[in-house]
Structure formats: structure tokens, C-alpha cells
Amino acid sequence: QSRQESPEERPQFPGASAEFAERLEFIQPNVLAGIPVYRVMDRQGHVLRPSEDPQLPKEQVLKLYKTMTLLNTMDRILYESQRQGRISFYMTNYGEEGTHVGSAAALDASDLVFGQYREAGVLLYRGYPLELFMAQCYGNASDPGKGRQMPVHYGCPERHFVTISSPLATQIPQGDAPGAGPDPVPCPRDPISGHFGAAAPGSGTRAGGPGGRKAPDPRGFFPGSHPVFPAAARGPGYGLLSIRVDGNDVFAVYNATREARRRAVAENQPFLIEAMTYRCGGRESPQKTPFSRGFPPKTPFPMDFSPLSRIGHHSTSDDSSAYRSVDEVNYWDKQDHPISRLRHYMANRGWWDEEEEKAWRKSSRKMVLEAFEQAEREPKPPPRLLFSDVYLEMPPRLRRQRAELERHLETYGEHYPLQQFQK
């Protein structure tokens, strides 16, 4: 039995019965057979077909790896900070790091990205500072959004990343809209990429995107999905060229995104990429909590959230142990994780060793903690910003509300922690 066909080499995504494929090929809308999962590497980091190896230089591969591991470290620290009551909410990216950096590396820096709430790695790859990630989650005075958004709703015009919004799949029609509407803006020359998650293909909002109506300019869509909600299978119904890739294989995501971008520009049509992933646990070894200096940990929910047992819940409002087993999560975390697969690839080429791993983990952790501590010291934005930046000229009703708040705080300010806010 060939290596490809052996049971341990078959896709293990829950509910999937597809085979792996080592040749990049988009699915035509009239093809209704089972969709294979395109990959470049096996789980040990070996390239299966040399012609599919993107041949990325060592420096770029190291950037992919360091971005994924830095994101993982940031996730761990911000997750724990929410559990200790320092921020109100957080969503980790555990297990989906390869879909972030693989797609980001294949796009041009000027390509516009419409993300869902779990694409922080795209911004991190594009150089978004750790300090601004922390400022946004803390909603402090350094937050570009001025503390008005809930955590993980990042955005950066300079890095062509549109601000994330909470409602499901709204980024899909938004990504289709720059060249549409009663007063259309000029269509950008660069493609637009939109990321969406497992549930978005079933939402009504999805129908407003490419395929739901005539797309005015090229699009590439890169979902990170679970097989229970098959995105690529929906592509033919919308007349989209589609592909399903192994989202734990950063090179497969890179190749598919690069080819989709090239063809979107050349052929002026949208593409659908389904990246099969599994939201699992953090990749750090257990360590003492970094928040002991002057901040006693607050009582967590009645379960153990230590690094040994942590799994990638949907958000800090979720307990995924209610619907999946620890053994299942451990398999994906230990046996088929995008970070470990790329690390195997680098080790096979002599580009990375255990000493470099330890040094990088230590330095990256230090960087994240420094940004974290800086964010905690920052004051909150001044309350008057509640009323600005919505209208070009503030309407009378908002002026009245602002004056009412000012009078209220003058009278009852002693009952509010105003010392935590900028004047």
C-alpha cells in the first residue's frame, strides 16, 4: 500500500472522507465528485512532489515560522489575561496559524484584506506592532479605534486590513462592494481577499458576495473551515472555481493563494479556497503565570486552563470540552499542527535546531510581555470620544448628550474611576 493511501496518511479532519492531493487544481463548477485536500508536505514536513515546492528562501520560511509562533505566544498571554479579568473577551488562533501566514505571504502588501475575527496572523505577518494588538484588546488610549470596539477587532489602513466587525460573514459582501453601489469608488487594481470561518458559508450574508451577484472586480476568498461546514462544496453552486487545501500545510495555503491571486488578476473572476484546519491548543510548554507581579490571579471558570490542558475554544465565552474529547484535541495539537509541520520542514533542511527554538521562544515571549505590560499602564481614552468621529459635524442631540455626561461626571465623578482615563 502506498504512502498516500495508508490510513495514517489520510486526512483526519472530523467528518472528512476525502483524499489528499499533491497537484494544485481548482474545481470546475460542473464537477460534483468528492473534493480532494491539496497538500505539499506530509505531517513530517517532507515535500511530496518537488514540482509543488514553492522554493521559498530560508529568510521567508523563518518569517512564516516566527510569525506563527509569535502569534501563538500572544494568544496564550491574552487568553490568560482575559481569564484573570484584565480584558473582557478574546479569541485565540490556535491551529489556524498556517492559513494566516500562508495566505498573507502569497498576497502583495497592497492587497486589501477583509478578515473575520480570527486573522490576526495576517496583520502580524504584515508588520502590525504587538503594542497595537495589545492596545486594541485593552481599549486604551493608544488603540487606533479609541477603545470603541470589543477585543480582537483589529484594523489598519496602512497595512490594507479592513477593520473586523462582529456579525457573521459581513466581510464577504463588504469585500465585494468597493466597486459597487450608487456612488462606486474606483475599483482597486489589486485583488481583495476575504477570510471567513466554518459557519459563514451557511449564512444569508454569504449570498451577497462573489457568485451571489456579478463581482465588479477580482476577488480571492480564503476560508479557514471545518469539514462539517464544507465551503468548497458550496463553490460550484455559486459558479466559483474552488479548491480545498490542507490548512495545516502552510505551503499548500501559499500555493493556492498565489495561484488564485494570479488568475483573479488575469481572468477577472473570484476564487474560493477552503483551508481545512482544526482549532486546537497552544504550542508553549507549561510555565508559571507571567501575571504574578502585583496582580493576583482572579478566580477562573471551574476548569483547568493551564498550558497542559488548554484547548482552542471558539472564544473565551466557550467551553469546547462539552462537545469534543481531550484525546481528539491532543491528536491535532501533537500530531498534525501547522507550526510543528513547518518546524519539521526547517529541521529537515538544517535551518532550525533546538537551541534556536529555545532562544526564539524566550525572546518572543519577552516581546509579548513587554507589549502587554505597556498596554496595562496606558490610560483609557477620554470619555468625550464617545461622541466623536461618527458625523462630520456633531448633531444637536449628540452635543446635548455630551453636555449631560459632563454635568453628570462633575456631580458624581467620585463614583467613577476617572483617574484611569485621559483628561
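The backbone N, Cα and C atoms fix where each Cβ goes, and this holds for glycine too.
Per TrEMBL, these features apply:
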DOMAIN    65-176  domain 'Dehydrogenase E1 component'
DOMAIN    232-282  domain 'Dehydrogenase E1 component'
DOMAIN    310-383  domain 'Dehydrogenase E1 component'
REGION    170-228  region 'Disordered'
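The average pLDDT computed for the domain 'Dehydrogenase E1 component' (232-282) is 85. Across the domain 'Dehydrogenase E1 component' (232-282), DSSP helix (H, G, I), strand (E, B) and coil residues number 24 helix, 12 strand, 15 coil.
With DSSP classes pooled into helix, strand and coil, the tally for the domain 'Dehydrogenase E1 component' (65-176) is 52 helix, 6 strand, 54 coil.
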